[in-house]
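Step one of this worksheet: look at the structure below.
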Amino acid sequence: KMAAAAGGGVAAAALWSEVNRCGQNGDFARALKSVNKILQISKDDVTALQCKVVCLIQNGNFKEALGVINTHTKVLTSDIIAFEKAYCEYRLNRIENALKTIQSASQQTDKLKELYGQVLYRLECYDDCLAAYRDLIRNSQDEYEEERKTNLSAVVAAQSTWEKVMPEDLGLQEATYELCYNSACALIGQGKLNEAMKKLQKAEELCRQSLSEDSDVTEEDIEAELAIIHGQMAYIMQLQDRTEDALQLYNQIIKLKPTDVGLLAVIANNIITINKDQNVFDSKKKVKLTNAEGVEHKLSKKQLQAIEFNKALLAMYTNQADQCRKLSAGLQTQSPEHLLPVLIQAAQLCREKQHAKAVGLLQDFADQHPANAAEIKLTMAQLKIAQGSVTKACMILRSIEELQHKPGMVSALVTMYSHEEDIDSAIEVFTQAIQWYQQFQARTNYGCCVFQPKSPVHLSLIREAANFKLKHGRKKEAISDLEELWKQNPKGVHTLAQLISAYSLVDPEKAKVLSKHLPSSDTMSLKVDVDALENSHGATYVRKKAGKLAGDNQQKEQGQGDVKKKKKKKKGKLPKNYDPKVTPDPERWLPMRERSYYRGRKKGKKKDQVGKGTQGSTTAGSSELDASRTASSPPTSPRPGSAAVVSATSNVIPPRHQKPAGAPATKKKQQQKKKKGAKGGW
């Protein structure tokens, strides 16, 4: 036995030296084999068990490492192995367990504090996380200071983005692209988009510089590292309504196929929001990227919630009613007080023409969550208006107490009641709003006896009420409002004029008394630049017209001046065969039958000779029968471009006297009529 023990000790020493050498070389797989051999010799060796856990962690076997820790709890106590256990739980996304393990450790080492900050960030406890990193930066001096500052800036950016907290100036020098990127994210949270874009451009430049220094880094590696920066740039473009540019940049990032599933999920979600109810096929493809494994561990709760909302809306747009209801119901279970799930359900019901059910669903939510009742009731009113129930919509709007007195709500209600010709209800809306402001002013000025002017909003409501009443003939009711306005501003001439006009129909004597307060025409000074008014665009036409009338009067009085230009008459069109050398026929305006030289139509001569003789032959004496060659018949009109020589002494009838060659045209018309009537088809 002693010999065996001695032999085991020599073997263990050799194995420990092998473990040490492999650990220094970073060959943890080989070191693990040596550690296992040591544990075969001594299964409860604390150092060997610790080395085994470290080797498994270095090889990425976090689940197996945690199993070793939980199996040997008696040997590996929390004081010895607290950091390794918490780190395994953190890497396995068991964040709550990791927090408990860190908090239960008896001694808070620097390693545990670093991990504690990471755990708090993942749990979105940003205030505690900020305090933890500040403490680390203050009490640490090593080569990891830059990484801690980067993490600190990431916490500030998260606060600005998700909690809308105004970030404080940490005084960090933005020497790295990570710090520039986090600073840009903080600016986006504040809505400073242009400044954020400049920061991202600087971050891109720094990233290219730092990565190009390494000869082993390729251009593809640089583009992959820049993907998150470009994604944030595209998001800013989307917020600035530059959707085409944003969409182009998003698609470029997807083509690179980055390994970060969180980045791909965010980009896919943003593309879906751009598509909305259009390009649904593309949205269906993109939504698959949001379902990738591990996405839920890469994104914040609000990001995941936004993705789920968009999934529900996409299901609604693609007419997947059951899927839409399932997703929205799940969201409502997760966030009972959130508005969007119930609004999506109501929208789906409206698409199914179940408006009454949608209104009932919204009413139930408003009753259960009074804090969010205002927005829900606005949606209910919109649904009632869409159904044509304007009066019911008005009743719903008037039930929103916190908005009753708002000028926008008063204006909407008055417009709707006017559309329904319910003038009394419209006036009642004005009255209630004015009374609310009077009560509010009374509460504000409690115990004050001096005259207090009314607020601009209050006076504006009184004036609108008075104008509305005057427009609809309620002059008696308008008088009290006008008197209140005049009391607030005794120098208001317009208000006084309205008051006198209203009293003139109700109490003429009172109107006369009030008219004495009107300023006289002598005291009224109109500060008008006459020259500027005359040279304005609107006065140009009037000035020209007045000048023209003055010029006409001068011509009539003095008998001098330029004569009015006569309108030029257009020259009449002459016939194509017009000859200026021939005297026009004085009877050319008379019908042909009424002219002195008309001889009537000779019937039958040509008809009798048609078809006699061989084809193409001419009959004897055809020249004698040719009426165009007789002296009494007019010659044919000359063709355009040909010279027509006519003797001055001949008795030839001028061209205007010719008989119109209408026969061929009439034949053609008859043939056309026959063709039109002969429709039948082959």
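The backbone N, Cα and C atoms fix where each Cβ goes, and this holds for glycine too.
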* Per TrEMBL, the range holding coiled coil, considering 95-150, 487-542 -> 95-150
* Residue list, the repeat 'TPR' (227-260) vs rest of chain: Cβ under 8 Å, 6 or more residues beyond ends. => 177, 181, 184-185, 188, 193, 196-197, 200-201, 203-204, 207, 220, 266-268, 270-271, 273-274, 289, 298
* Structure fact -> Model confidence over the coiled coil (95-150), as mean pLDDT, sits at 91
